[in-house]
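As annotated by Swiss-Prot, 1D-myo-inositol hexakisphosphate binding site applies to 250, 255, 324, 326, with the evidence given as similarity to another entry. Taken from Swiss-Prot, the feature compositional bias 'Basic and acidic residues' covers 355-366. Per Swiss-Prot, phosphotyrosine is recorded for 47, and the stated evidence type is similarity to another entry. According to Swiss-Prot, the phosphoserine annotation covers 412, 412. Annotation source Swiss-Prot lists region 'Interaction with SRC' at 1-163. The annotation region 'Interaction with CHRM2' is assigned in Swiss-Prot to 45-86. Positions annotated as region 'Interaction with TRAF6' by Swiss-Prot, on the basis of similarity to another entry: 318-418. Annotated region 'Disordered' per Swiss-Prot: 353-374, 397-418, in sequence order.
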(Lines of atoms letter the chains of each structure in order from A and count residues from 1; the text may use other names and numbers.)
(Lines give C-alpha, C1' and ligand atoms only; values in the text may rest on other atoms or scores of the structure.)
Protein backbone atom coordinates (compact mmCIF):
# COMPACT_ATOMS: atom_id res chain seq x y z
CA UNK A 1 0.00 0.00 0.00
CA UNK A 2 2.60 2.83 0.05
CA UNK A 3 1.75 5.94 1.98
CA UNK A 4 -1.31 6.12 4.10
CA UNK A 5 -3.74 8.69 2.72
CA UNK A 6 -5.70 11.43 4.40
CA UNK A 7 -8.24 9.76 6.65
CA UNK A 8 -11.69 11.33 6.41
CA UNK A 9 -14.83 10.30 8.27
CA UNK A 10 -18.17 10.31 6.50
CA UNK A 11 -21.80 9.77 7.42
CA UNK A 12 -24.83 9.75 5.12
CA UNK A 13 -28.44 10.60 5.90
CA UNK A 14 -30.85 7.62 6.12
CA UNK A 15 -32.39 8.65 2.79
CA UNK A 16 -28.92 8.68 1.20
CA UNK A 17 -29.26 12.20 -0.22
CA UNK A 18 -26.74 13.99 2.02
CA UNK A 19 -23.30 12.95 3.22
CA UNK A 20 -21.11 14.85 5.69
CA UNK A 21 -17.31 14.52 5.59
CA UNK A 22 -15.15 15.49 8.59
CA UNK A 23 -11.42 15.15 9.03
CA UNK A 24 -11.69 14.11 12.69
CA UNK A 25 -14.10 13.48 15.52
CA UNK A 26 -12.10 14.96 18.41
CA UNK A 27 -11.48 18.72 18.46
CA UNK A 28 -8.85 19.93 20.90
CA UNK A 29 -9.39 22.80 23.32
CA UNK A 30 -6.03 24.56 23.67
CA UNK A 31 -7.44 26.81 26.46
CA UNK A 32 -7.13 30.02 24.40
CA UNK A 33 -8.64 28.56 21.23
CA UNK A 34 -10.31 25.39 19.94
CA UNK A 35 -9.62 23.49 16.74
CA UNK A 36 -12.08 24.67 14.06
CA UNK A 37 -14.73 22.20 12.90
CA UNK A 38 -14.24 22.09 9.14
CA UNK A 39 -15.79 19.71 6.63
CA UNK A 40 -18.00 19.45 3.57
CA UNK A 41 -21.52 18.22 2.89
CA UNK A 42 -22.24 16.39 -0.38
CA UNK A 43 -25.82 16.82 -1.63
CA UNK A 44 -27.74 15.08 -4.42
CA UNK A 45 -28.61 18.01 -6.75
CA UNK A 46 -31.97 16.44 -7.71
CA UNK A 47 -32.90 16.27 -4.04
CA UNK A 48 -31.70 19.82 -3.31
CA UNK A 49 -33.80 21.51 -6.02
CA UNK A 50 -34.37 25.16 -5.01
CA UNK A 51 -33.69 24.64 -1.33
CA UNK A 52 -30.70 25.63 0.78
CA UNK A 53 -28.10 23.52 2.54
CA UNK A 54 -27.72 24.25 6.26
CA UNK A 55 -25.25 22.90 8.79
CA UNK A 56 -25.63 23.50 12.53
CA UNK A 57 -23.32 22.90 15.48
CA UNK A 58 -24.98 22.52 18.87
CA UNK A 59 -23.45 22.14 22.32
CA UNK A 60 -26.17 20.87 24.64
CA UNK A 61 -26.41 19.85 28.28
CA UNK A 62 -28.93 17.09 28.92
CA UNK A 63 -29.72 16.91 32.61
CA UNK A 64 -32.71 14.54 32.74
CA UNK A 65 -34.16 11.45 31.15
CA UNK A 66 -35.77 11.70 27.72
CA UNK A 67 -38.82 9.72 28.81
CA UNK A 68 -39.62 12.52 31.28
CA UNK A 69 -39.81 15.10 28.47
CA UNK A 70 -43.51 15.99 28.41
CA UNK A 71 -45.71 18.89 27.33
CA UNK A 72 -42.87 20.44 25.36
CA UNK A 73 -40.66 20.66 28.44
CA UNK A 74 -37.29 18.98 27.99
CA UNK A 75 -34.49 18.32 30.43
CA UNK A 76 -32.00 19.81 27.99
CA UNK A 77 -30.34 23.20 27.66
CA UNK A 78 -28.54 24.36 24.53
CA UNK A 79 -25.33 26.08 25.64
CA UNK A 80 -24.25 27.07 22.13
CA UNK A 81 -25.87 26.94 18.68
CA UNK A 82 -24.22 28.06 15.43
CA UNK A 83 -25.76 27.89 11.95
CA UNK A 84 -24.03 28.00 8.58
CA UNK A 85 -25.75 28.30 5.22
CA UNK A 86 -23.42 26.07 3.25
CA UNK A 87 -25.22 26.54 -0.09
CA UNK A 88 -25.79 29.00 -1.54
CA UNK A 89 -23.05 30.47 0.68
CA UNK A 90 -24.23 33.46 2.69
CA UNK A 91 -21.75 36.38 2.63
CA UNK A 92 -21.27 36.25 6.39
CA UNK A 93 -20.59 32.49 6.26
CA UNK A 94 -17.96 32.59 3.50
CA UNK A 95 -14.53 31.68 4.85
CA UNK A 96 -11.28 30.68 3.16
CA UNK A 97 -11.22 26.97 2.37
CA UNK A 98 -8.99 24.80 4.52
CA UNK A 99 -6.58 22.40 2.86
CA UNK A 100 -8.89 19.49 3.72
CA UNK A 101 -11.93 21.22 2.22
CA UNK A 102 -10.05 22.03 -1.00
CA UNK A 103 -9.06 18.41 -1.46
CA UNK A 104 -12.51 17.04 -0.62
CA UNK A 105 -14.25 19.41 -3.04
CA UNK A 106 -11.75 18.47 -5.75
CA UNK A 107 -12.43 14.77 -5.17
CA UNK A 108 -16.21 14.89 -4.58
CA UNK A 109 -17.15 17.46 -7.19
CA UNK A 110 -19.15 20.66 -7.44
CA UNK A 111 -22.02 19.46 -5.25
CA UNK A 112 -19.78 19.29 -2.16
CA UNK A 113 -20.24 22.43 -0.06
CA UNK A 114 -17.86 23.54 2.74
CA UNK A 115 -18.72 24.55 6.30
CA UNK A 116 -16.56 25.79 9.17
CA UNK A 117 -17.41 26.43 12.83
CA UNK A 118 -15.39 28.14 15.54
CA UNK A 119 -16.06 26.72 19.02
CA UNK A 120 -15.74 29.33 21.79
CA UNK A 121 -13.03 28.29 24.28
CA UNK A 122 -15.27 28.89 27.30
CA UNK A 123 -17.65 26.06 26.37
CA UNK A 124 -17.40 22.81 28.36
CA UNK A 125 -15.65 19.69 27.17
CA UNK A 126 -17.66 16.60 26.25
CA UNK A 127 -18.68 14.84 29.48
CA UNK A 128 -21.12 11.98 30.05
CA UNK A 129 -22.72 11.14 33.39
CA UNK A 130 -22.72 7.39 33.96
CA UNK A 131 -26.26 6.00 33.80
CA UNK A 132 -27.80 3.65 36.32
CA UNK A 133 -28.80 0.10 35.35
CA UNK A 134 -32.46 1.04 34.90
CA UNK A 135 -32.02 4.43 33.20
CA UNK A 136 -33.29 4.80 29.64
CA UNK A 137 -32.80 7.38 26.89
CA UNK A 138 -29.74 9.42 26.07
CA UNK A 139 -27.14 9.72 28.77
CA UNK A 140 -26.99 12.97 30.71
CA UNK A 141 -24.04 15.25 30.11
CA UNK A 142 -22.57 17.68 27.61
CA UNK A 143 -22.28 16.75 23.95
CA UNK A 144 -21.62 18.39 20.59
CA UNK A 145 -23.61 17.56 17.47
CA UNK A 146 -23.12 18.53 13.83
CA UNK A 147 -26.33 18.39 11.80
CA UNK A 148 -26.74 18.91 8.04
CA UNK A 149 -30.02 19.20 6.13
CA UNK A 150 -31.76 20.80 3.15
CA UNK A 151 -34.62 23.23 3.78
CA UNK A 152 -36.27 26.44 2.65
CA UNK A 153 -35.25 28.04 5.96
CA UNK A 154 -33.83 27.19 9.37
CA UNK A 155 -37.25 27.07 11.02
CA UNK A 156 -38.51 24.27 8.78
CA UNK A 157 -39.13 21.00 10.65
CA UNK A 158 -36.68 18.34 9.48
CA UNK A 159 -37.29 14.60 9.70
CA UNK A 160 -34.42 12.46 11.00
CA UNK A 161 -34.21 10.44 7.80
CA UNK A 162 -33.63 13.62 5.81
CA UNK A 163 -30.69 14.89 7.87
CA UNK A 164 -27.20 13.85 8.93
CA UNK A 165 -26.34 13.97 12.64
CA UNK A 166 -22.83 13.39 13.96
CA UNK A 167 -21.67 13.57 17.56
CA UNK A 168 -18.19 15.06 17.89
CA UNK A 169 -16.12 15.70 21.01
CA UNK A 170 -14.39 18.73 22.47
CA UNK A 171 -11.39 17.44 24.40
CA UNK A 172 -8.47 18.74 26.42
CA UNK A 173 -5.06 17.18 26.90
CA UNK A 174 -2.63 17.44 29.78
CA UNK A 175 -0.49 20.59 29.73
CA UNK A 176 3.18 20.15 28.92
CA UNK A 177 4.24 21.91 32.12
CA UNK A 178 2.90 20.38 35.33
CA UNK A 179 2.00 22.45 38.35
CA UNK A 180 3.86 22.33 41.67
CA UNK A 181 4.01 19.04 43.55
CA UNK A 182 0.85 18.74 45.70
CA UNK A 183 1.57 18.82 49.44
CA UNK A 184 -0.62 19.44 52.46
CA UNK A 185 -0.20 19.34 56.21
CA UNK A 186 -2.26 19.93 59.31
CA UNK A 187 -1.73 19.94 63.07
CA UNK A 188 -4.39 18.86 65.57
CA UNK A 189 -4.35 19.59 69.30
CA UNK A 190 -6.36 17.21 71.47
CA UNK A 191 -7.89 17.82 74.87
CA UNK A 192 -5.86 16.38 77.72
CA UNK A 193 -2.81 16.13 75.49
CA UNK A 194 0.09 18.57 75.83
CA UNK A 195 1.53 18.11 72.35
CA UNK A 196 -0.17 17.93 68.94
CA UNK A 197 -0.56 15.36 66.18
CA UNK A 198 0.96 16.41 62.85
CA UNK A 199 -0.09 14.96 59.48
CA UNK A 200 1.80 15.68 56.28
CA UNK A 201 0.95 14.18 52.87
CA UNK A 202 2.25 14.66 49.34
CA UNK A 203 1.93 13.25 45.83
CA UNK A 204 4.92 12.40 43.66
CA UNK A 205 3.67 14.77 40.89
CA UNK A 206 0.76 17.03 39.92
CA UNK A 207 -0.38 15.50 36.59
CA UNK A 208 -1.39 11.86 36.20
CA UNK A 209 -2.50 10.13 33.03
CA UNK A 210 -5.55 7.86 32.99
CA UNK A 211 -4.58 4.41 34.28
CA UNK A 212 -1.42 5.65 35.98
CA UNK A 213 -0.87 4.74 39.67
CA UNK A 214 -0.92 7.59 42.19
CA UNK A 215 1.70 7.45 44.94
CA UNK A 216 0.67 9.11 48.20
CA UNK A 217 3.40 9.77 50.77
CA UNK A 218 1.99 9.96 54.32
CA UNK A 219 4.03 11.14 57.30
CA UNK A 220 2.54 11.22 60.81
CA UNK A 221 4.18 12.66 63.92
CA UNK A 222 2.06 11.64 66.91
CA UNK A 223 3.18 13.51 70.01
CA UNK A 224 -0.18 13.03 71.73
CA UNK A 225 -1.37 10.36 74.14
CA UNK A 226 -3.87 9.17 71.49
CA UNK A 227 -3.52 6.28 69.05
CA UNK A 228 -4.06 6.53 65.31
CA UNK A 229 -6.18 3.42 64.72
CA UNK A 230 -6.51 3.52 60.96
CA UNK A 231 -5.40 5.42 57.85
CA UNK A 232 -7.85 5.94 54.98
CA UNK A 233 -6.71 7.08 51.53
CA UNK A 234 -9.22 7.93 48.81
CA UNK A 235 -9.24 9.49 45.35
CA UNK A 236 -12.34 11.63 44.86
CA UNK A 237 -13.91 13.04 41.74
CA UNK A 238 -15.66 16.41 42.08
CA UNK A 239 -18.16 17.47 39.41
CA UNK A 240 -19.45 21.04 39.54
CA UNK A 241 -22.74 21.17 37.63
CA UNK A 242 -23.14 24.75 36.43
CA UNK A 243 -26.62 25.20 35.01
CA UNK A 244 -29.42 27.19 36.63
CA UNK A 245 -27.39 27.17 39.81
CA UNK A 246 -24.15 25.48 40.81
CA UNK A 247 -24.13 22.16 42.63
CA UNK A 248 -21.15 19.98 43.43
CA UNK A 249 -21.16 16.19 43.43
CA UNK A 250 -18.31 14.14 44.82
CA UNK A 251 -17.66 10.47 44.29
CA UNK A 252 -14.80 8.24 45.48
CA UNK A 253 -13.14 6.45 42.55
CA UNK A 254 -10.34 4.65 44.43
CA UNK A 255 -9.98 3.81 48.13
CA UNK A 256 -7.62 2.10 50.52
CA UNK A 257 -8.30 1.54 54.21
CA UNK A 258 -5.11 0.51 55.95
CA UNK A 259 -4.98 -0.93 59.45
CA UNK A 260 -1.69 0.86 60.06
CA UNK A 261 -1.55 2.27 63.58
CA UNK A 262 0.53 5.06 65.07
CA UNK A 263 1.13 4.71 68.79
CA UNK A 264 1.40 7.70 71.16
CA UNK A 265 4.74 9.54 71.02
CA UNK A 266 5.84 7.91 67.77
CA UNK A 267 6.22 8.66 64.07
CA UNK A 268 5.04 6.84 60.96
CA UNK A 269 5.87 7.12 57.27
CA UNK A 270 4.53 5.10 54.34
CA UNK A 271 3.78 5.42 50.62
CA UNK A 272 0.34 4.22 49.49
CA UNK A 273 -0.51 3.55 45.85
CA UNK A 274 -3.97 3.91 44.33
CA UNK A 275 -5.09 3.70 40.70
CA UNK A 276 -8.52 5.12 39.77
CA UNK A 277 -10.13 2.95 37.07
CA UNK A 278 -13.59 3.23 35.53
CA UNK A 279 -13.75 -0.59 35.53
CA UNK A 280 -13.91 -0.50 39.34
CA UNK A 281 -16.68 2.13 39.35
CA UNK A 282 -19.19 0.87 36.78
CA UNK A 283 -22.05 0.76 39.29
CA UNK A 284 -21.73 4.39 40.41
CA UNK A 285 -24.62 6.31 38.88
CA UNK A 286 -23.85 9.90 37.93
CA UNK A 287 -20.07 9.47 37.84
CA UNK A 288 -18.56 11.89 35.29
CA UNK A 289 -16.93 10.22 32.28
CA UNK A 290 -15.18 11.57 29.22
CA UNK A 291 -17.66 12.13 26.39
CA UNK A 292 -18.46 8.85 24.66
CA UNK A 293 -18.71 8.18 20.94
CA UNK A 294 -20.96 5.32 19.84
CA UNK A 295 -19.55 1.81 20.22
CA UNK A 296 -16.43 3.05 22.00
CA UNK A 297 -15.61 2.64 25.65
CA UNK A 298 -14.53 5.64 27.66
CA UNK A 299 -12.80 6.47 30.95
CA UNK A 300 -13.22 8.65 34.01
CA UNK A 301 -13.75 12.27 33.03
CA UNK A 302 -10.56 14.25 32.58
CA UNK A 303 -9.86 17.26 34.78
CA UNK A 304 -11.22 20.51 33.37
CA UNK A 305 -8.61 23.15 32.56
CA UNK A 306 -9.96 26.69 32.84
CA UNK A 307 -8.39 29.80 31.40
CA UNK A 308 -8.08 32.81 33.67
CA UNK A 309 -11.25 34.85 33.91
CA UNK A 310 -13.44 32.14 32.39
CA UNK A 311 -17.11 32.54 33.19
CA UNK A 312 -17.79 29.43 35.26
CA UNK A 313 -21.55 29.82 34.87
CA UNK A 314 -21.52 29.12 31.14
CA UNK A 315 -19.66 25.86 31.67
CA UNK A 316 -21.84 22.77 31.98
CA UNK A 317 -19.67 20.39 34.00
CA UNK A 318 -16.34 21.20 35.65
CA UNK A 319 -14.39 18.12 36.77
CA UNK A 320 -11.58 18.05 39.34
CA UNK A 321 -9.86 15.44 41.51
CA UNK A 322 -8.40 15.30 45.01
CA UNK A 323 -6.65 12.70 47.13
CA UNK A 324 -7.94 12.67 50.71
CA UNK A 325 -5.80 11.32 53.54
CA UNK A 326 -7.69 10.69 56.78
CA UNK A 327 -6.40 9.50 60.14
CA UNK A 328 -8.89 7.83 62.48
CA UNK A 329 -7.72 8.74 66.00
CA UNK A 330 -8.88 7.03 69.17
CA UNK A 331 -9.95 9.51 71.81
CA UNK A 332 -8.95 7.28 74.70
CA UNK A 333 -10.38 7.89 78.15
CA UNK A 334 -13.45 6.07 79.49
CA UNK A 335 -14.96 5.55 76.02
CA UNK A 336 -11.75 4.07 74.66
CA UNK A 337 -12.11 2.84 71.10
CA UNK A 338 -15.85 3.55 71.03
CA UNK A 339 -15.17 7.19 70.24
CA UNK A 340 -12.80 8.53 67.63
CA UNK A 341 -12.06 11.70 65.71
CA UNK A 342 -10.61 12.31 62.27
CA UNK A 343 -7.64 14.32 61.06
CA UNK A 344 -7.55 14.86 57.30
CA UNK A 345 -5.88 16.73 54.43
CA UNK A 346 -6.72 16.96 50.72
CA UNK A 347 -4.35 17.05 47.75
CA UNK A 348 -5.73 18.36 44.43
CA UNK A 349 -4.22 16.92 41.24
CA UNK A 350 -4.87 16.74 37.49
CA UNK A 351 -6.06 13.57 35.73
CA UNK A 352 -5.92 13.71 31.91
CA UNK A 353 -4.75 12.06 28.71
CA UNK A 354 -1.33 13.06 27.34
CA UNK A 355 -1.30 15.10 24.18
CA UNK A 356 -0.98 12.67 21.23
CA UNK A 357 2.33 12.77 19.44
CA UNK A 358 2.15 14.24 15.96
CA UNK A 359 3.31 11.77 13.36
CA UNK A 360 5.11 12.83 10.16
CA UNK A 361 2.84 13.30 7.14
CA UNK A 362 4.36 10.31 5.32
CA UNK A 363 4.92 6.89 6.79
CA UNK A 364 5.54 3.60 5.07
CA UNK A 365 3.23 0.94 6.48
CA UNK A 366 2.95 -2.73 5.51
CA UNK A 367 -0.35 -3.89 4.06
CA UNK A 368 -1.08 -6.03 7.10
CA UNK A 369 -0.70 -3.16 9.57
CA UNK A 370 -3.90 -1.79 11.02
CA UNK A 371 -3.80 1.94 11.84
CA UNK A 372 -3.96 2.42 15.60
CA UNK A 373 -5.29 5.99 15.58
CA UNK A 374 -8.29 6.17 13.25
CA UNK A 375 -8.72 9.81 14.22
CA UNK A 376 -5.45 10.76 12.52
CA UNK A 377 -5.27 12.76 9.31
CA UNK A 378 -2.10 12.55 7.26
CA UNK A 379 -1.87 15.27 4.65
CA UNK A 380 0.18 14.60 1.55
CA UNK A 381 0.66 16.06 -1.89
CA UNK A 382 -1.54 13.53 -3.69
CA UNK A 383 -5.04 15.04 -3.82
CA UNK A 384 -6.59 11.70 -4.77
CA UNK A 385 -5.05 9.87 -1.82
CA UNK A 386 -8.03 10.15 0.54
CA UNK A 387 -9.32 7.22 2.60
CA UNK A 388 -12.98 7.46 3.61
CA UNK A 389 -14.16 5.75 6.77
CA UNK A 390 -17.73 5.54 8.01
CA UNK A 391 -18.32 7.91 10.91
CA UNK A 392 -20.27 5.22 12.80
CA UNK A 393 -17.94 2.68 14.36
CA UNK A 394 -17.60 -0.88 13.23
CA UNK A 395 -20.31 -2.84 14.95
CA UNK A 396 -18.95 -4.63 17.99
CA UNK A 397 -20.34 -7.93 19.13
CA UNK A 398 -23.29 -7.36 21.43
CA UNK A 399 -23.58 -3.68 20.47
CA UNK A 400 -26.83 -2.18 19.24
CA UNK A 401 -26.95 -0.50 15.89
CA UNK A 402 -27.95 3.14 15.43
CA UNK A 403 -31.64 2.32 15.10
CA UNK A 404 -31.62 0.23 18.26
CA UNK A 405 -29.92 3.05 20.14
CA UNK A 406 -32.50 5.54 18.97
CA UNK A 407 -35.28 3.22 20.11
CA UNK A 408 -33.80 1.96 23.37
CA UNK A 409 -31.19 4.54 24.33
CA UNK A 410 -28.15 3.96 26.44
CA UNK A 411 -29.48 5.17 29.75
CA UNK A 412 -29.29 8.45 31.59
CA UNK A 413 -29.18 9.44 35.24
CA UNK A 414 -31.34 12.35 36.35
CA UNK A 415 -29.25 14.97 38.15
CA UNK A 416 -31.88 15.40 40.83
CA UNK A 417 -31.50 11.73 41.75
CA UNK A 418 -27.74 11.67 42.10
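Including glycine, each Cβ sits where the backbone N, Cα and C put it.
Here the features listed in Swiss-Prot are placed on the structure.
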residue : record                                        : DSSP (3 states)
47      : phosphotyrosine                               : helix
250     : 1D-myo-inositol hexakisphosphate binding site : strand
255     : 1D-myo-inositol hexakisphosphate binding site : strand
324     : 1D-myo-inositol hexakisphosphate binding site : strand
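Reported as a whole number, the C-alpha separation between residue 324 (1D-myo-inositol hexakisphosphate binding site) and residue 47 (phosphotyrosine) equals 60 Å. Among the recorded positions 47, 250, 255, 324, 326, the residue whose Cβ has the fewest other Cβ atoms within 10 Å is 250. Take 250, 255, 324, 326, the residues named in the record as contacts for 1D-myo-inositol hexakisphosphate: the widest Cα to Cα gap among them comes to 16 Å. For the pair formed by the residue listed as 'phosphotyrosine' and residue 250 (1D-myo-inositol hexakisphosphate binding site), distance between Cα atoms is given as 51 Å, rounded to the nearest Å. Taking the centre of the Cβ atoms of 250, 255, 324, 326 as the 1D-myo-inositol hexakisphosphate site, the nearby residues of that chain (Cβ within 8 Å, site residues left out) are 232, 233, 234, 235, 236, 252, 322, 323. Predicted-model confidence for the region 'Interaction with SRC' (1-163) is 86, expressed as mean pLDDT.
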